[in-house]
């Protein structure tokens with residue numbers, strides 16, 4: 001991937017998105033996908049992306065209208081029950097009620113979230129070509145949403161023990177409905193093969209349990225007044241629990257990466273084409289933390305320096321104190337602009353490159369006889385994914 005070209009594209013699209021108050025982001029995403037797709041060349045043949053910014057924008061408007069009606073109906077039902085999405089919190093009872101409303105709203109949006117995920121994937125596949133042959137995906141968004149809800153409830157009830165089942169079944173549902181031309185993908189394997197990917201989550205849970213035990217029972221002595229005084233075991237137990245929480249957080253990343261590896265190596269296209277993918281969790285976490293740290297520091301320095309210089313010029317030299325807020329706002333805009341560009345260059349691009357360089361297609365020559373498939377039309381493109389803030393990923 002050519003960094004200078006990506007840098008120019010990132011700066012240009014970010015500026016246009018800022019100038020148009022966010023409207024250009026649909027076209028920006030299209031241009032960035034065109035770039036990234038063209039940089040991925042399986043068997044020496046680059047991918048092509050022929051999505052349109054206009055169809056994303058119109059789809060977003062349709063989705064927002066539908067979502068507004070949906071949430072309006074939800075608010076009406078909550079009103080009949082004596083609750084509201086917008087109640088001011090004054091006491092503990094209001095806090096509990098607002099918490100209940102939050103969970104109800106999330107549960108009501110959950111079907112649309114799964115629906116949006118499936119539709120967004122189907123849209124991207126329909127706009128992707130390789131060797132002139134388009135990918136595609138069968139209809140089935142509502143079926144995916146129902147399964148997503150069911151498996152999510154099952155995972156919650158089993159305290160995450162059946163999370164690999166949810167991951168495998170939902171990926172199987174999507175993969176078995178995916179096509180390259182007239183050749184179908186298939187997800188093989190079984191859901192229990194994903195349990196090793198959960199090992200670091202389990203280690204984190206064990207650390208938290210051990211830390212809780214230490215905090216509760218470590219080095220306590222009875223005082224003369226019948227109370228208890230905590231010893232060093234309490235602090236050490238809290239530290240162990242903190243380590244466990246961090247380990248679980250890293251364990252989620254490990255699970256995502258290694259479940260992706262397992263699922264990919266058990267996918268087939270047609271009867272003979274197979275895949276391997278060997279992304280490394282440590283490398284990806286390093287990219288995310290290291291790139292995010294550098295991007296945040298550089299963006300903050302630029303925003304502070306430019307905003308501070310403008311504020312000094314306007315207030316100290318020109319004596320126009322009333323413009324101080326305006327110049328400070330410019331500093332914040334510079335910060336967010338720089339952060340957006342640097343995140344793309346230092347996090348998104350390196351992660352995509354890592355996955356591409358560690359993924360291989362085997363026996364691609366068997367696809368020489370694949371025939372073209374009909375295109376898919378989308379009234380709302382990725383509209384629901386954008387409206388629900390699910391469209392940030394490439």
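Indices start at 1 and increase along the chain as displayed.
Every residue gets a Cβ built from N, Cα and C, even glycine.
A TrEMBL annotation is a machine prediction, not a hand-curated record.
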Among 37-56, 177-196, 197-216, indicate the range for which TrEMBL gives the feature transmembrane segment. 197-216
Given the ranges 57-80, 369-392, which one is assigned the annotation transmembrane segment in TrEMBL? 57-80
Quickly jot the same-chain residues contacting the transmembrane segment (236-255) by Cβ under 8 Å, restricted to those at least six beyond its ends, or write none. 194, 197-216, 218, 281, 284-285
Under a criterion of three or more Cβ pairs within a distance under 8 Å and sequence separation of at least 6, are the transmembrane segment (284-311) and the transmembrane segment (323-347) in contact? yes
